[in-house]
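Beneath this line is the structure, given in structure tokens, with notes to follow.
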Amino acid sequence: IDTCIVGDASTCDQGQHETCRTEQGVSSCHCRPGYARRKHREPCRRIISVLVAMKVARVYDQPSPWTEDLLDSNSDDYLQMEWEANKAIDSAMSMTPYSDDFLGSRINSFKKINGKDMIVNATLEIIEGGGPLDGDRLQNHLIGVIRRRRNNIGDSALWVDSPEGAISPIMDLDECSDPSLNDCSVHADCTNVFGSFRCKCHDGLRDPALPFGVLSTRDSPLGPEEERRIGRRCDTCSPQVHCMSRGTCNYRKTGEVTCTCTGNFYGAQCEVDGEVVGVAVGASVAALVIIVLTLVFLCMW
């Protein structure tokens, strides 16, 4: 059992892009969002995640596969259909040119259509290659598999009435719409891109994934692996350390710390107390006036 501590990244292999997650009551190391693998001990690979929907007409000889229990992800019917759907997708993908790059699928939901047919909504995880995924080409290959298999989705228990319309156009998965689909820091902005997502720390925060003094990849181009680390951790500077607890601090674009002082404090680190300075200056001026008046009266006398 590969146990780990949720929230403590050091308990999993960071070099393998792992993170600790709890599933079915067991905490273990899984690939972090944007990565996947076929088997638990294999290294996590960068992936493209896309959505696909399949219209299923029957399971084995059962003419209508839909039951209301398919709305409950914890029901036996849902778990059984989830297994059958994943097996069907895996079988169909193995018969396409994407077989070597396909890592797996996740079933998102089941939905009834036309009163009898069932729509299977799933996420496909495909190894990121040299260029963008051609969604139309992938859809055509899956339809071709169903046509060659005479309406069978791969070599599985799921069947369709006709290859035409059985597979929806391949769509992008918006990882930013669900916190569980991305690992951006709570202090970062998530931007969805086709097949993946990007993170960027909020203005005024420091990103340890970027070289010191650099707050944007435009200033210092990074490799794909380094870019996947950006925005996952966003550090704030300590007002106690940098501003003597007398204001707030932020990081400039150059990486330097700047303080915004509160109250009567000012200076680069809010080290000057304006009230004390005011009292000291006022006392000095009063003393100078007294001295001058004393000298004037002495001279007159």
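Cβ from N, Cα, C; glycine included.
Taken straight from TrEMBL:
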- 172-211: domain 'EGF-like' (DOMAIN)
- 235-271: domain 'EGF-like' (DOMAIN)
- Cys261-Cys270: disulfide bond (DISULFID)
- 276-300: transmembrane segment (TRANSMEM)
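Secondary structure by DSSP for the domain 'EGF-like' (172-211): 6 helix, 14 strand, 20 coil. In terms of DSSP helix, strand and coil, the domain 'EGF-like' (235-271) has 4 helix, 13 strand, 20 coil. Per-residue confidence over the domain 'EGF-like' (172-211) averages 90 (mean pLDDT, predicted model). The local packing around Cys270 (disulfide bond), expressed as other Cβ atoms within 10 Å of its Cβ over all shown chains, amounts to 23.
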